[in-house]
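Peer 1: One structure coming up, written as structure tokens, with questions to follow.
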């Protein structure tokens, strides 16, 4: 079970939040889930690093906090993005054990909820997945060029969930398609009858998605989007 499979399982009881693609919450000020250019990137500090302030609910126990902090470290250890406890910053992530696992896309301003329910979302790969949404990344199979790399089996998808497989004019950052991205749907995402909904091509047996944390290409894309250069 990869990160997205765990997220979808946790979100089966998400209490009616209007989630797009299974785990992205859209603010009223943004009509689409695209995050192009500088529209929702977190700003760089004068030293070149990108500091993302956060607060974390006191409802989490020590193991929960370690899991979430591991998800942060898996990103920050190889990029110029650093998650830092909030002091006085106006824009920050508010990490809470709400219903399910979900995030807004990119920086939205003010207190910005990232929901990581315990225990349903307590895997470091799930934390990294939602934090990458907060940094501005959509799911890998939403890329505008995805049809060159995967086939979507529309007939196997729950009818009222087919909208979750739309393509978007995303910024692909001139990178290769990443079957191993922590942001990739699993093979059976939103399946109606247990059949596959996504098949890689040309080799249908390529594994897709994983649960361990950001892939090498995920890290590479963060470094490109945030112009990390020689800071990592």
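Cβ coordinates come from backbone N, Cα and C, glycine included.
Just so you know, TrEMBL annotations are computer predictions that nobody has curated.
Take a look at what TrEMBL says about it:
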ACT_SITE  130  active site
BINDING   129, 133, 139  Zn(2+) binding site
DOMAIN    31-229  domain 'Peptidase M12A'
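For each feature listed, report its degree of burial, its nearest neighbours and the pertinent distances within the displayed model.
Peer 2: Neighbour list (residue 130 (active site), Cβ cut-off 8 Å, at least 6 residues apart, same chain): 7, 23, 101, 102, 103, 114, 115, 116, 121.
DSSP assigns residue 133 (Zn(2+) binding site) to a helix. Cβ environment of residue 133 (Zn(2+) binding site): 23, 24, 103, 104, 105 lie under 8 Å away, each six or more residues apart in the same chain.
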Peer 1: Within the chain of residue 129 (Zn(2+) binding site), which residues six or more apart in sequence place their C-beta under 8 angstroms from its C-beta?
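Peer 2: Sequence-distant Cβ neighbours: 3, 4, 7, 23, 101, 182, 183.
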Peer 1: Including all protein chains shown, what's the count of other C-beta atoms within 10 A of the C-beta of residue 139 (Zn(2+) binding site)?
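Peer 2: Result for residue 139 (Zn(2+) binding site): 27 other Cβ atoms within 10 Å.
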